[in-house]
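Comments concern the structure below.
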Amino acid sequence: MSAYSPLSAQLDADTDVDVESTRTEGRRKMEWTLQHMPILQELRARFAETKPLAGETIGMAMHVEAKTANLVELLALGGAEVAITGCNPLSTHDDVSAALDSNENVTSYAKRGVDEEAYYDAIEAVVAHEPTITIDDGMDMVYAIHEDHPDLLDTIIGGAEETTTGVHRLRAMDEDDELQYPVFAVNDTPMKRLFDNVHGTGESALATIAMTTNLSYAGKNVVVAGYGYCGKGVAQKAAGQNANVIVTEVEPRRALEAHMEGYEVMPMNEAATRGDVFVTTTGNRDVITQEDFEVMSDGAILANAGHFDVEINLEELSELAIDTYEARDGVQAYELADGRRLNVLAEGRLVNLAAPIALGHPAEVMDQSFGIQAVCVRELIENKSSYDAGVHNVPDELDREVAEIKLEAEGVDIDSLTQTQSEYLDSWSHGT
């Protein structure tokens, strides 16, 4: 077992922390969010009765906050032993992590504000539990297992990946024939991407930016880098708050889609001369660079809602700056030689999770995403022989199962196909 300690042990060693009150506050947050997560509530009832995950060990690298914690406890209720750490050094809520670590079937290593060495030590600590299932947000755990612990690959049933960046990494790994066990691309299934990516990212990113800066969007030029599902959500929600939205893209069809939906579309360096607020949503690196910083207006706000802290090139910005200082909690100002100040939120990390005031996506949308995660884990265990190594789409029947639970919870009834309609749709012989 790794020498890296679970959070409870770390807090016990800190005489300035009241561990019990910290756990109580974390539990209070978890209970509040669970009230607004009817899918997880229903799955808790099912998993508690059938114990579909009995005997399995689940290793997780996720954003450890209240909504994620309810997924963790659902998996534990289903019979699994769960070890978890963070997938971002700044996104963990320590009170929630402490509450999780008090569950006898859960070990949490997640702690906010760790350095790079401790971040990867915590991942190693989770891997030391020898998981049979992995759940990732960004693919760091899958990578660590393949790179440093290939001896575990034969005993891993499969995994699930939460986010766009992680799925991109997994597909690249799969194309190189390096991925050695099946992983569900949870990010790509409709019940995740149409809600979590659009409404979750759009609402939480803009809300966090507004609360962190205490500024309005009305009348401002908001530049959205990337027009995938996350970028669409940010653009849509910003326009709804009376911002003028400018989109930058590298993919011609997405650029055309943004144009046809009424947004201005232009290269980043042109948008840089006009933007008041910049939000990156690409999952790629060097989206905003030195040539863009050089033409931005004084007071520009820069935030990342994509994934890793490489979308805004902070190394180049630091080289341009003659001074840097904390302008406000969660806001780092970079003063340039000509007196302009460019303001970076949350150190360029995921603003909706890493900013000091951040709470992540709304509970209702994460309920759907985490419902998919839970049924994917169940599917891997129940039908393990059906999946070869590689990236797999979430089976449609699982996506529909979660949608049906949500509709029932919302009190929404829908029609069903008649037998005649089903036969018509399945037939190829009907013409005009």
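Quick reminder: no glycine exception, Cβ is built from N, Cα and C everywhere.
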Same-site residue for substrate (record: Swiss-Prot; known: Asp137, Lys192, Asp196; options: Glu104, Glu162, Glu249, Glu251): Glu162
Annotated region 'Disordered' segment (source Swiss-Prot; candidates 1-24, 409-432): 1-24
Rounded Cα separation (Å) that holds between Thr163 (NAD(+) binding site) and Asp137 (substrate binding site): 6
Helix, strand and coil residues within the region 'Disordered' (1-24) as assigned by DSSP: 12 helix, 0 strand, 12 coil
Pairwise CA distance, Ala305 (NAD(+) binding site) versus Asp196 (substrate binding site), rounded so that it is a whole Å: 13
For the substrate site built from Asp137, Glu162, Lys192, Asp196, further residues of that chain with CB within 8 A of the site's CB center: Thr163, Val186, Asn187, Asn197, Ser369, Gln373
Packing count at Ala305 (NAD(+) binding site) (other Cβ atoms within 10 Å of its Cβ): 29
Thr165 (NAD(+) binding site): nearby binding-site residues from Asp137, Lys192, Asp196, Cα cut-off 10 Å: Asp137
Other C-beta atoms that fall within 10 angstroms of the C-beta of His307 (NAD(+) binding site): 25
